[in-house]
Amino acid sequence: VGFKAGVKDYKLTYYTPDYETKDTDILAAFRMTPQPGVPPEEAGAAVAAESSTGTWTTVWTDGLTSLDRYKGRCYHIEPVAGEENQYIAYVAYPLDLFEEGSVTNMFTSIVGNVFGFKALRALRLDDLRIPPAYSKTFQGPPHGIQVERDKLNKYGRPLLGCTIKPKLGLSAKNYGRAVYECLRGGLDFTKDDENVNSQPFMRWRDRFLFCAEAIYKAQPETGEIKGHYLNATAGTCEEMIKRAVFARELGVPIVMHDYLTGGFTANTSLAHYCRDNGLLLHIHRAMHAVIDRQKNHGIHFRVLAKALRMSGGDHIHSGTVVGKLEGERDITLGFVDLLRDDFIEKDRSRGIYFTQDWVSLPGVLPVASGGIHVWHMPALTEIFGDDSVLQFGGGTLGHPWGNAPGAVANRVALEACVQARNEGRDLAREGNEIIREPCKWSPELAAACEVWKEIKFEF
C-alpha cells in the first residue's frame, strides 16, 4: 500500500463497531459531549485515536508498524438517556500500549492529551476495566484489609478515626497532646490533616516524635493497638521516603500520603516502601474534586479509586453519603465495593460500566470523613459495614467536654450500633433509639447527642 498524505476521518481507522474485546484489553467508558455538527462516531474515534496511536494527519512512519495491533478502538457508542448530544463511547486499548506497573503511564496515555480536543465540548472518563493481565503487574495496597486487622487485632467492627484540628497552627507538643486524648478515649486512629506537612509552626520530625509518644502512652492505658496517620507527603520523593523511614524507626504502625497532589509515581514508591517495612498506608484524596466534580468533564472518582488500588494504599477517603461532602449513595457504594471486593459485577445503576476482576490484589478500606457525628453512626454502620474507617474530626474535638470525652462518645455509639446490628435490629429504622439507649449510662455520649441533635448538612 502506497503512502497517501493528507487528513482523513478518524472513524475510518478507529471506529470499529464489530470489534470483539479481548480479555487483555483495557476498556474505557468516556462520556462525550461533541461540538455541534460533529457526529458521535467521529468524536468517539477521535478519542480512541488521540489516546492511543493516532495523530491529526496521516504520517509516513505509520507504515513501519502495525496499527491494527496497537491502535485503540472505539467499539460501541450509546446516547446518554435524558441528555442532549451526550454519548458514552467505549474504547478498547491493547495491553501493549502500557508500561507494566505504572499508573502514571496508564493515565498519561488514556487521559493525557485527549481532554483538550477541539472536536469535543466536554469529555469525562467514567470507568475503566483493568484486565488481570495488567493488574497483576502492580503490587497494589501494601497490606490490605485482612492483614491490617491482624496487625491491629481489631475485628468485627468499623475502625474509628479523628482528624486533629485546628489543622494548622498547633505546636508539635500540643498536637501530640490532642492525639493522646483521642486515642486514650477510645479511638483507633488519629490523623494528620492533608495539608499538615512540615510548616514553620510544626516541623515534621517534632510532630512524628510527639505523636509517637502519644501512641506509646495511650496503648498500655487502653490495652489496644493505636495509630496516628503521620503525613509523609513532601516536596520531593526523597524527602517523603526519609519521613517514612523515620516513622518506621519510631515503630509506629501507619503513615499517610496525599496521592493526587503527591502524584502516582511518588505514591507507588511509598506503597512499595510501606510493604517492605511493615507500615500501613493511609491515602487522602486532596484535589480529587478538581478532577471529578463536574458531571460531564474530568475523571470520575471511581477511576481514581481503581488507580489508587493499583498504585497502593490501605485506606482511602471515599465520601460519607451523610456528612458535609457530596456523594450519592449507590454511586458511592459502587466505588466502595470496587475498593474492597475481589470481583465486582457490571451494574449501571451504581455507575459500574464493566465487570472488574481484581483477582488477588489486596483490598482498600474506605474512609468516611467530613461533617459526621454520633447521630450519623447508625447510618454509617449500615452503609459502610465493618470494613471501613469512620472519621470524626469536629465530631470528636467539638465535644463540649473536650477530646477524650468526644472519643468516648464516638466509641460508645459505634459499639452500640454494632451490637444492635448483630442482634438483628434495623439500624435504618431504629437508629436514633439505638443511640439514645446508651446515653443513660454514658454521660459523654449524652452530651454529644445534645450538642449535635439539630445538625444536618442537607442542600
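Note that Cβ sites are derived from N, Cα and C of the backbone, with glycine treated the same way.
Annotated in Swiss-Prot:
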type	residues	note
ACT_SITE	Lys165	active site, proton acceptor
ACT_SITE	His284	active site, proton acceptor
BINDING	Asn113, Thr163, Lys167, Arg285, His317, Ser369	substrate binding site
BINDING	Lys191, Asp193, Glu194	Mg(2+) binding site
MOD_RES	Lys4	N6,N6,N6-trimethyllysine
MOD_RES	Lys191	N6-carboxylysine
SITE	Lys324	site 'Transition state stabilizer'
Shortest C-alpha distance to Glu194 (Mg(2+) binding site) - which of the recorded positions Asn113, Lys165, Arg285: Arg285
Lys191 (Mg(2+) binding site) versus recorded positions Asn113, Lys165, Arg285 - nearest by Cα: Lys165
All-chain count of other Cβ atoms within 10 Å of Lys165 (active site, proton acceptor): 16
CB contacts for Lys167 (substrate binding site) [other CB atoms within 10 A, all chains]: 14
Per-residue Cβ crowding (10 Å cut-off), top of binding-site residues Asp193, Glu194: Glu194
Same-chain residues at least 6 apart in sequence whose Cβ lies under 8 Å from His317 (substrate binding site): Ile283, His284, Arg285, Pro366, Val367, Ser369
Distance [Cα-Cα, Å, rounded] between Asp193 (Mg(2+) binding site) and Asn113 (substrate binding site): 33
Cα separation, Lys165 (active site, proton acceptor) to Asn113 (substrate binding site) (Å, whole number): 39
Near-site residues: Mg(2+), ref Lys191, Asp193, Glu194, CB cutoff 8 A to centroid: Thr163, Ile164, Lys167, Asp192, Asn195, Val196, Tyr229, Asn231, Met256, His284
Thr163 (substrate binding site) and Lys4 (N6,N6,N6-trimethyllysine), distance between Cα atoms, whole Å: 62
DSSP-derived structure type at Lys167 (substrate binding site), helix or strand or else coil: coil
Most Cβ neighbours inside 10 Å, all chains, among the recorded positions His284, Arg285: His284
